[in-house]
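Structure first, commentary second.
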């Protein structure tokens, strides 16, 4: 016990000593400090200089488990025991800090290099999208100039607001730990997850296949999108061309327009373009010269043409058909090597690879656009102009390659179509046939040589070209075979000249310069030239180009004047026919007639806005009543009128009117308004305009009317607004003056008399002719009509006895009528009695209602004063006044919608339809027909061709 007391006293002494010596109270225990921080803390803290490093000293020295003496608590000598430790702690601290710095620096350098390497790998995996920049409109790249990012940044929420919406990560971690515990406990779901993991490996092949299908689908969608925008671009270019033509034709006073002089070959190319359209329209063929390039598929036609044009301008494929439609290439000399299409103003710089790729892509798109669905090739021609220094002036037509077998994916008639296209061009007696033959294949496999020999058996306009001579020299065992081909002894055909060319090593990425150098180098070192098997003027594409150009212009000078004379005769015949048949009419072609019809149609649409409001409301009110009168009388008035008191009548009417207004009435009103607008529009479009009316526009006007009506849709909010207006109108029961009362009675009488007339006709058809018609017109009743007549007479007797008989017959009354008829020898069925009763009672009721209507003429005073007179209750008059007022208000509302909105929307639809028809040439040909239109079209085309031919001939003579 005394030891424990001494130990406690010693602890208190130590604690007080430490507090007095330190002067600062610590909040953090020393054990919780870092190792380095603890050493610094010991060295600098004045209290710790007086203590041992071990804080458990008190416990160790004064515990009951030890027998150590108290003399160890002497404090004075202990302060010198820490002197060596105080001398070395800065060195240890510096060593540790330096080690930490190297670790951090090394990690940063290694991590940065790894991150850069990973980023470069990811960057290489991303495909190059620069080829598709042209798809994105230009304004996308300039969009940052129109967006104020500062305003957007201010509109975005602050980081504090976003932090409030952030998920609670602690809760998510807790949920994930629970899920982990759940699955690690061996739940049944573990098996399912493992099965899924094993199944994922088996699905890899399916994923690869599906990814390939997605890529193919995206490529197909991209192609369709390109074709769509290609059509839009062509339409805009066509409009731009027409506007440019109008601007050039406009003769402004005081402004001198300089006439641009065209080259001779450009003028000739324009003549061929016009003739091509004329030939396609009238299924004829002109006889003007052009160079027709024919050959077997993959024989090198396109390569020869590219060597002549000195540019890789055509799309290429390894063994597959790439030329799907004829391509007319007009070569002319110019300072810059450029290409442009006939219907486009864009120039492709053929010295730039980007423009060359764009040109090839454009040609491929145009070919696909020309090919109709279900076909592989098309006879429609693509016209391309190529200008450049050193080019020989001529016009060449590249045709699809002749094939021997139709492969899968081709249309069944592909072979015949290619033959017919080739024959159509080669049948021209002035066409120069450039026959391309692959020298690397056996001559016996040639298809085109037989076709050429049929079209030009004497060889007066055929030039034979043997391609791939380098491969032929390597593969052919006997070089004399090539000599036989060039001399025209091997093939069963004749030609003006024979040429041998080399069009490269088969690499599509080769440039024209590289191919030309390879060709010259080959022929310089070739055994064929060294052994005089080939002559120098028969080799290289340059010599071929010069020879073809000379032959082309020789043909042009010999045949162009004869062609011009034939068109002069055609023009004279057409003009004479027009003067004899249409002496007082101008020669308007289809486009001019369409513009004239367009103006007439727009004038007729504007006439809709001239219709008076009174006329609109009258026809709307009348049409609406004709549409709803049956429902009002049969389903509202007649059921309510069967009641015996005023309260039940009004209740029934209000319920049925409310149901009718909520469901059917607004829709019926809109339908009536739309039909009324159609009728008025049709009336203005079809009514004759007197002697000036031209029936040639009737089909066009009818088509425009139908298409405009089909596109027009009434405003969606019209029914909702009408429902409120009609409901409020039907809720009003207060007739303010005698004039409105009389108008309601007149409206009611007119409606009931119409129904009574229909009922009388139904009864007459049921019972047959009366005695007057039987005597005058010699008509007799049938047996059934006689039975109906006897039944009617019996039922009328019943009504005379009881004028207030209800609407339905009781079973005993039916039995009584049947027995009375049987007593007179008339057998009748109960259903026949009911049918006859319906018409008889309906006539009786309508006559009673009309008599009551006459009584109510003088009942306005009682109604206005609210007198209760059971003998004169005019609730039915009030009902018809409510209906009449609803019709008037609805007609007024619909008239406002028509004049303010719908007429303008219809006019807009008509303009859109006319614009669509103006762009659709087939539609105009279908709608504007007749001998007069066709004759005007022929005259216009022939005049244009003759004018261009005369201008070309004049320029040709000047060049001589």
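Quick reminder: no glycine exception, Cβ is built from N, Cα and C everywhere.
Keep in mind that what you see is a predicted model, and the values were worked out from it rather than measured.
For the Mg(2+) site, Swiss-Prot gives 302, 398; the one candidate out of 323, 330, 351, 376 that the record lists there too is 323. Of the given residue ranges 279-286, 287-294, 295-302, Swiss-Prot assigns the label region 'G1 motif' to 295-302. Matching 501-504, 505-508, 509-512 against Swiss-Prot, the residues noted as region 'G5 motif' span 501-504. The stretch that Swiss-Prot tags with intramembrane segment, taken from the ranges 771-781, 782-792, 793-803, is 771-781.
Residue counts for the region 'G5 motif' (501-504) under DSSP (helix as H, G, I; strand as E, B; rest coil) come to 0 helix, 0 strand, 4 coil. With a 10 A radius on its CB, residue 301 (GTP binding site) counts 28 other CB atoms from all the protein chains. Comparing C-alpha positions, residue 398 (Mg(2+) binding site) sits nearest to 301 among the binding-site residues 298, 301, 468. Under DSSP, residue 398 (Mg(2+) binding site) is assigned to a strand (E or B) in the three-state scheme.
Following the DSSP three-state reduction, the secondary structure of residue 301 (GTP binding site) is helix. Geometry remark: residue 303 (GTP binding site) versus residue 323 (Mg(2+) binding site), CA distance 12 Å.
Within 8 Å of the centroid of the Cβ atoms of 302, 323, 398, where the record puts Mg(2+), the same chain has further Cβ atoms from 293, 301, 305, 314, 322, 327, 399, 400, 401. On the backbone, the CA of residue 301 (GTP binding site) and the CA of residue 323 (Mg(2+) binding site) stand 10 Å apart. The shortest Cα-Cα distance between residue 323 (Mg(2+) binding site) and any of the binding-site residues 298, 468, 503 is the one to 298.
Recorded residues residue 468 (GTP binding site) and residue 302 (Mg(2+) binding site) have their alpha carbons 13 Å apart, per Cα-Cα distance.
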